[in-house]
Amino acid sequence: MGAGGRMTEKEREKQELLGRAGAGEIFQRAPTDKPAFTLAQIKKAIPPHCFQRSVIKSFSYVVYDLVIIASLLYAALVWIPALPAMQQLGAWPLYWAAQGCVMTGVWVLAHECGHHAFSDYLLLDNILGLVLHSCLLVPYFSWKYSHRRHHANTGSLEHDEVYVPKKKEALPWYTPYIYNNPVGRLGYIVVQLTLGWPMYLALNTSGRPYPRFVCHYDPYGPMYSELERAQVFISDAGVLAVSLALLKLASAFGFWWVVRVYGVPLLIVNAWLVVITYLAHTHPALPHYDSTEWDWLRGALATMDRDLGVLNRVFHNTTDTHVAHHLFSSIPHYHAMEATKAIKPILGEYYQLESNPLAKATWRSAKECIYVQPEDRKGVFWYSNKF
């Protein structure tokens, strides 16, 4: 056991129940006791240079991704149309998949700007993040502020901002008919992958409840403070400018040209965002806490690292260093792997990693993580699917 990896006896006794739904998979729930280590002790284990940001190195990743995007775009505009019709049918999906993945990497770099992890210059981070996120139709400042509150309240049933699980009594009557059969579950996954991200931005779907309607594009919504509203307007202007540019391209080259070249890769970006965030915070091994038990450190540790193989590099290690990111969000991605390796011995069983195939993990979470309920300890909630 690692230093600080304590579990209650009742949790240990329940390990045989952790292989769910006959999948033959045994995993260990994260400990829920207050850790024996502190945040300062975790930070001390990380080499100091991991907290250093290099504007040159950070920009090298932006340039690298943009060069690949430009090359793929050139292929889509010049090479693919020159292919025979049957070969085009195979080439376009390859373009969409590759471009969508690389664009997701750009999204991650803009996200890094939002955490002030890109450079030592906040203004530079915000300008670059605004440009990159706007090009992906993301309201940069609006999401930056809601995402910051997610980091401040991870694992809290009352105050977390996204993928906040419901209690059983709060579920609508039709829930068992959707999640407890394969067809309904597949439909839920498809809707989440295609519409989940824009629905969250526009309608706060899967977000925490507010006293009135919440939208990331509304500067006067309850999600934002007076000091944040001007920057929400700027975010809206950025998304509007890119939208108008897309309309001009559509009028010049046709609607379906824009869909083929930009729209489908953007749908893939949105799908990856949903998968990455959903699986990082939705797993039977991860606890949630109400206000009687929640504290920042245990909430930040209630996250999951995930190995995506070659895509780890494409996505700038956003999935396989997620735990370290929630502990120290200003660490640049190019130091995050070293930081993760350094903190594992300190975290012990508090560190969670999954390497299951993506489709299997998504299906398992959609099947088993329907609502949360307390078990042996009041204030600590675990996912369940029993009706």
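From the backbone N, Cα and C atoms, a Cβ is placed for every residue, glycine too.
The domain 'Fatty acid desaturase N-terminal' feature in TrEMBL is assigned to 9-72.
Per TrEMBL, the feature transmembrane segment maps to 61-80 (among others).
For the domain 'Fatty acid desaturase' (91-352), the model's average pLDDT works out to 97. As annotated by TrEMBL, domain 'Fatty acid desaturase' applies to 91-352.
Annotation source TrEMBL lists transmembrane segment at 122-143 (among others).
The annotation transmembrane segment is assigned in TrEMBL to 186-203 (among others). Residues 138-139, 142-143, 162, 178-179, 215-217, 267, 270-271, 273-275, 278, 362-363, 366 of the same chain lie 6+ residues outside the transmembrane segment (186-203) yet bring a C-beta within less than 8 angstroms of a C-beta in it.
According to TrEMBL, the feature transmembrane segment maps to 233-256 (among others).
If you look up TrEMBL, you'll see 262-280 (among others) marked as transmembrane segment.
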